[in-house]
Amino acid sequence: MGVFRFISISLAAVSAANAAQILSMPHAQTVPHSYIVMMKDDTSDDDFNHHQSWLQSTHTHNITRRATIQNAGMRHKYNFRKMKGYSGIFDEETIKDIAKDPKVMFVEPDTIISVNGKVEQSNVPSWGLARISNSQPGANSYVYDSSAGEGITVYSVDTGVDINHEDFEGRAIWGSNQVNDGDDRDGSGHGTHTSGTMVGKEFGIAKKAKLVAVKVLGNDGSGPTSGIVAGINWCVEHARQNGGTDKAVMNMSLGGSSSSALNRAAAQAVEQGMFLSVAAGNENQDARSSSPASEPSVCTVGSSAEDDSRSSFSNWGPALDLFAPGSNIISARPGGGSQSMSGTSMAAPHVAGLAAYLMALEGISGGAVCDRLKELGSSSITDVGPGTPTNVLISNGGAKGGNPKPAPGPSPNPSQPSEPQQPAPSQPGEPGESFPGEPFPGEPFPGEPFPGESSPGESAPAPAPMPPSPQHPHTPYPGGDNFDFDGYWKKYFGGEHWRKMFGSFWN
């Protein structure tokens, strides 16, 4: 009896020692009882299936304990070939049981990610398109090769897209909705704006690329990390089955507190051949405190102003790869027409659009695209911020291909854009392929982007010091002297907001 008791205690000690880490997010806004579980890299499909069967059995056994938790159980399942995991609603004891499985790498509380607060300004001249194709600021024409991203698919992981907007010319399709709100539209306007910059006929860079809308943020611009990871997984699988990940670009104008799960998902997408453009954030602080901007394998983008200075709101630091226009950018809005927004959310789609353009023109893909963007860019940005290793502003100049001709920039009136006047066809470069296949049926998604800056002409605030801990909430990157912080936090983090958005999680 004593021997049996000794063995039992020893096994319990070994189990406890090998238990996966349950990560703490003390400063983050978490979704009640919601967790993300990541399996170890060597987990086979059989191991994963066995774990899921065990989890179902555990839920059945703990049914009385979970009676007070609504909608308990698995919600998303992730399978990136080399990375497997899932998310769900679980009670504390079940989470402890999950962590004891030797195949589990870590368990992470599900946190909220949001779009960055938006800054809208009327009658602002458009300048971003012209800047990336001219050597000096102040130009008013966009010069590009007529291949214009043809054959490349761009995935907008955002608040959704008005796919019927005239600027998309029928090249945009609905893909997936990870928000589970049953609302396949862009109620925020953020996703339509970023998509217009990427592929729009008038406002866009890659004017012949296809667009797939993947909604991971709700109409209020926020959503849990678990849904964003699911959105990334969906994009990778869709690209693999529809033309290949080497002809796919993903834009993520969103961010929040540091998340191992989100960074690992982004890294898996890059490893499997996709190009990811990610907004650095709008807090005027070190971008290493945010995910997915802190993931080294993605292309992390800071924002520049019209005078080639770093935008006053833009994050900085070692995580940044490039800068792109992000202040007072005019692009499409839901329902037709246009509007002006500012933020690193506006800078990232310039990089995503130019990536699609270069992939079609030069036949490059994946991680090579960010390196090529650095080669083509100009060393123009001033006041890059502490520890920032680059002052490169993106440019399409010098890209090999056909003979580019200038095209007029977008209309300066954001409410009533004029009919776009495209240049006469130039000698084409490397032609791309037609859009490969049909999208998967839609489903909901969560996540969020980055907001405003101070008015033009104001001096930029001194950079904020590096936060002592990377564990703060996945929230938008607000910024700007006129930004209503009190109203923002009350709106997005007040109890009533979350009760309405995640009502099923509350008793």
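Cβ atoms here come from the backbone N, Cα and C positions, even for glycine.
Taken from Swiss-Prot, the feature compositional bias 'Polar residues' covers 282-294 (among others).
Listed by sequence, the residues of this chain that lie at least six past the ends of the compositional bias 'Polar residues' (378-394) yet keep a Cβ under 8 A from its Cβ atoms are 131-132, 135, 284, 286, 302, 304, 308-310, 314-318, 320-324, 350-351, 354, 460, 463. For 378-394 (among others), the entry in Swiss-Prot reads compositional bias 'Polar residues'.
Residues or ranges marked as compositional bias 'Low complexity' by Swiss-Prot: 450-461.
The DSSP breakdown of the domain 'Inhibitor I9' (34-113), given as helix, strand and coil counts, is 25 helix, 29 strand, 26 coil. Feature annotation from Swiss-Prot assigns domain 'Inhibitor I9' to 34-113; the stated evidence is sequence analysis.
The domain 'Peptidase S8' annotation in Swiss-Prot covers 126-400 and rests on sequence analysis.
According to Swiss-Prot, the feature N-linked glycosylation site maps to Asn251, an assignment based on sequence analysis. Around the Cβ of Asn251 (N-linked glycosylation site), a 10 Å sphere holds 32 further Cβ atoms from the protein chains shown.
Panel annotation: around the region 'Disordered' (175-198), residues 76, 115, 118, 128, 154-156, 158-162, 165, 167-168, 204-206, 209, 211-221, 223, 227-228, 230-231, 234-235, 238, 249, 251, 253, 329, 331-334, 338-339, 341, 345-346, 348-350, 352-353, 356, 439-440, 442-446, 449 of the same chain, lying at least six beyond its termini, place a Cβ under 8 Å from a Cβ of the stretch. Per Swiss-Prot, the feature region 'Disordered' maps to 175-198 (among others).
Across the region 'Disordered' (282-312), DSSP helix (H, G, I), strand (E, B) and coil residues number 3 helix, 11 strand, 17 coil. Among the features that Swiss-Prot reports, region 'Disordered' is placed at 282-312 (among others).
What Swiss-Prot records for 378-486 (among others) is region 'Disordered'.
Secondary structure of the region 'Disordered' (175-198) per DSSP (helix as H, G, I; strand as E, B; remaining residues coil): 9 helix, 4 strand, 11 coil. The secondary structure of Asn251 (N-linked glycosylation site), as reduced to three states from DSSP, is extended strand.
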